[in-house]
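**Student:** Take a look at this one; I'll ask things after.
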Amino acid sequence: MKFFALFIYRPVATILLSVAITLCGILGFRMLPVAPLPQVDFPVIMVSASLPGASPETMASSVATPLERSLGRIAGVSEMTSSSSLGSTRIILQFDFDRDINGAARDVQAAINAAQSLLPSGMPSRPTYRKANPSDAPIMILTLTSDTYSQGKLYDFASTQLAPTISQIDGVGDVDVGGSSLPAVRVGLNPQALFNQGVSLDDVRTAISNANVRKPQGALEDGTHRWQIQTNDELKTAAEYQPLIIHYNNGGAVRLGDVATVTDSVQDVRNAGMTNAKPAILLMIRKLPEANIIQTVDSIRAKLPELQETIPAAIDLQIAQDRSPTIRASLEEVEQTLIISVALVILVVFLFLRSGRATIIPAVAVPVSLIGTFAAMYLCGFSLNNLSLMALTIATGFVVDDAIVVLENIARHLEAGMKPLQAALQGTREVGFTVLSMSLSLVAVFLPLLLMGGLPGRLLREFAVTLSVAIGISLLVSLTLTPMMCGWMLKASKPREQKRLRGFGRMLVALQQGYGKSLKWVLNHTRLVGVVLLGTIALNIWLYISIPKTFFPEQDTGVLMGGIQADQSISFQAMRGKLQDFMKIIRDDPAVDNVTGFTGGSRVNSGMMFITLKPRDERSETAQQIIDRLRVKLAKEPGANLFLMAVQDIRVGGRQSNASYQYTLLSDDLAALREWEPKIRKKLATLPELADVNSDQQDNGAEMNLVYDRDTMARLGIDVQAANSLLNNAFGQRQISTIYQPMNQYKVVMEVDPRYTQDISALEKMFVINNEGKAIPLSYFAKWQPANAPLSVNHQGLSAASTISFNLPTGKSLSDASAAIDRAMTQLGVPSTVRGSFAGTAQVFQETMNSQVILIIAAIATVYIVLGILYESYVHPLTILSTLPSAGVGALLALELFNAPFSLIALIGIMLLIGIVKKNAIMMVDFALEAQRHGNLTPQEAIFQACLLRFRPIMMTTLAALFGALPLVLSGGDGSELRQPLGITIVGGLVMSQLLTLYTTPVVYLFFDRLRLRFSRKPKQTVTE
């Protein structure tokens, strides 16, 4: 009593305390960063290595395996995957959440150094690493286009000037430049002209290399001067290479231009990038795992004017894609929802109290509690994101509950004629323990969430802490500011009602009277109520088992990502045509704003596309509906598939795949894996629960297999090295010399002119100069035949791996898909040598599924323990917890009604309901116990009186929580797919709980009281507390 009196009788101190809390909250709000979700990115490091010309199998065995053995020893590696393709290997290391990315990078560098001696000596450079996840969607894509400059020049500007500068910006993890390659001088040889002149490809290569040499020439000195010697030993342009003499034939000079077409071009012509049907260079920017996306994007945007000044005016630098606008729009929607929730909650209070003066009190308590929470969020290192703001939106109904309970009880004493200050003191004393019990038991619900590990625990921690802090501040405010304002603002008389509100008051009285009559009937038919309660428990179990489940709601971020997968034998020219065709189909869709894509590199039959949709207020369809519409049109394109998926704020794993979910096959027997993967993929493609089924196993690429006749070669004076050098010179885009410029180095690339390599007959035109100087056709000592070869070799850990990716059709959930895959694997009878497991987001979903029931049980057990400690009773907590089954039924039925799967967001709603609905029972039980102790009432009389007496605050608190959550259900716009499942769960649970617990709680209270008396050693004692 003295504690409450201190704040009631010292209003200035109480007001200043509340002002201090508010000011700290405002300061914290201004300093909080903005993000779509809490920081949940796994630390990921990508290691890259190259060996030009090496086959995927060679790269896997000689480069990937030694590196994997060394990298696999690093502490904290949770997953290691690799992909080896023509001439390149990429290894993705995913670390545990608590692993520092910088420390992990040092360990990665040490592991690379340790493996260096085991790597092939012909590698042009050491393996490198980058602190970025290549499977993440770029946070921003910049494009360079020009009507004046070539693609090579644009690529040079992008890679030499723009990318290094952008990489230095805080938060940027990787800048990937695509769409072309660096400028180069390309030498396209005419094999027939070479044969006529008796010049081999090696002769040409040697002549070019010897003609372009950059070495120091020294200096001349006399007694007083020094001269640096400089020569014209370098050739820099195609025009300078063309007249180069490479051979003399019968005394006549054979120049390079006589046997080749020499052009200023690019290093790799098998690269193409486009934006909205126009050739472009792409800069794909990804953030560091721990970086804030909004801050990083803002920093890049601030740097763009400076970057524009470093490139010529004829080059157009544009932002093709930016993830931040939809994130900001989503947060603005949540903030609007929060404001609406506060307004609705205050309206509920006003309708029940029917007094503007009384309504001001909770109207002040709510913002003080919510704003003060921002200070704690800042101190905890949190951000303003969808989940933390949703926590504050839900907290609106919670924080007003405490103020309502205190205010309503004080108002009851005032209406009975008690003086204001005395009523404030007496009313607060009566409900102080009730408010404390409600708040502590509600916070207790979140303790299991705070202890939860992995990605779900990291994701929900900010939500749980934010809500708990808001409840804690609300508890402080309700026991200090609220009674003080009641004591000094309210009058010791029944407040005058406005005429238009009297009807609501009469309706409330009639409702209370009707409830009293129905409660009497219920208390005389307790067995029927018991059956209903048991039925809700059984219905909970059945609904939970049958409801579709997923990991996280499918978001509409306004960005789509597409992966092109074409026939494995497709040429680059045909693949570029497919890219253009797909881009045209997508660009013609009315919901699409921008399309950017590229193809080429080490995997000729693949490409990537990034699609920006129009803002949500300019389109009526969701991202998934747009994908469904485009899927029908894209399926008509022959020879290639484009798999679309909506970019999500959460993506787990480092695998680059063409769909949202992955199922990985592992085997130590590569032959078994290659045998079973097509069978499994074809089976999964027939399942109605899956869509866009595809695989990263590509072992059916076209290959021309040459078999040397070594005896013939020895007789003709030709060795294998000379023959292989011929093929590399002719078809390998061989980099034979380096052109040094002040800002960069460029290559001279030699190959047979593509005009002469359009079919297999090009091999018949190749010849080798033997040791006697004679031209020997390749066909004299080699035979060739087409064969199949892998385009890529994939590992996970140290096992061969193949990942099958899939999306979900409209109306199907991840639980449906995972169950269907498990059944299919069983039906196929896959041998034990091939192991299947879900990967990425699907793997986290499986782990979360296994822990959800345990988490709910842990939350209930924690609440029971806290209530047992507060009430010093084993029985009363059970009475209070009996309210939960009805809430669970309501929540699950509401999800079914709205066709929403049970996700991590819905799980939060269930946890919140555990904390919300028990408040009704706490108010009933508290007053019933008080009536038994001091009113000498029987248990039935006590609980009946408690139910009627607390009917108004129960209705107020429940409706406040319901109206606080209702805007989440009704909200549209950006991010609504995250908010709606939470609102649906809470509203459904509250409605069902309110209908049932007003009757089941009294019955359970009486049941346990009779049970207590039956087993009590002192059966005549009414109350044991």
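In case you wondered, yes, glycine gets a Cβ from its N, Cα and C as well.
Pulled these from Swiss-Prot:
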TRANSMEM  3-23  transmembrane segment
TRANSMEM  333-353  transmembrane segment
TRANSMEM  360-380  transmembrane segment
TRANSMEM  387-407  transmembrane segment
TRANSMEM  431-451  transmembrane segment
TRANSMEM  463-483  transmembrane segment
TRANSMEM  528-548  transmembrane segment
TRANSMEM  853-873  transmembrane segment
TRANSMEM  875-895  transmembrane segment
TRANSMEM  897-917  transmembrane segment
TRANSMEM  953-973  transmembrane segment
TRANSMEM  984-1004  transmembrane segment
**Student:** Let me check one thing: do the transmembrane segment (333-353) and the transmembrane segment (953-973) come into contact, meaning three or more Cβ pairs under 8 Å with sequence separation of at least 6?
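**Tutor:** Answer yes: the transmembrane segment (333-353) meets the transmembrane segment (953-973) with 3 or more Cβ pairs below 8 Å.
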**Student:** Are there residues at least six beyond either end of the transmembrane segment (953-973) with Cβ under 8 Å to its Cβ atoms? List them, or say none.
**Tutor:** 329-330, 333, 337, 340-341, 344-345, 347-349, 352, 390, 393-394, 396-398, 400-401, 404-405, 408-409, 508, 511, 616-617, 916, 919-920, 923-924, 979-980, 982-984, 986-987, 990-991, 993-994, 998
**Student:** Near the transmembrane segment (528-548), which same-chain residues lie under 8 Å Cβ to Cβ, leaving out any that are not at least 6 residues past its ends?
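**Tutor:** Same-chain contacts beyond the ends: 522, 812-813, 815-816, 853, 882, 885-886, 888-889, 892-893, 895-896, 901-902, 996, 999-1000, 1003-1004, 1007.
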**Student:** Mind checking which residues reach the transmembrane segment (431-451)? Cβ under 8 Å, same chain, six or more beyond either end.
**Tutor:** 4, 398, 401-402, 405-406, 409, 457, 460-461, 463-465, 467-468, 471-472, 474-475, 478-479, 855, 858-859, 862-863, 865-867, 870-871, 880, 911-912, 914-916, 918-919, 922-923, 926
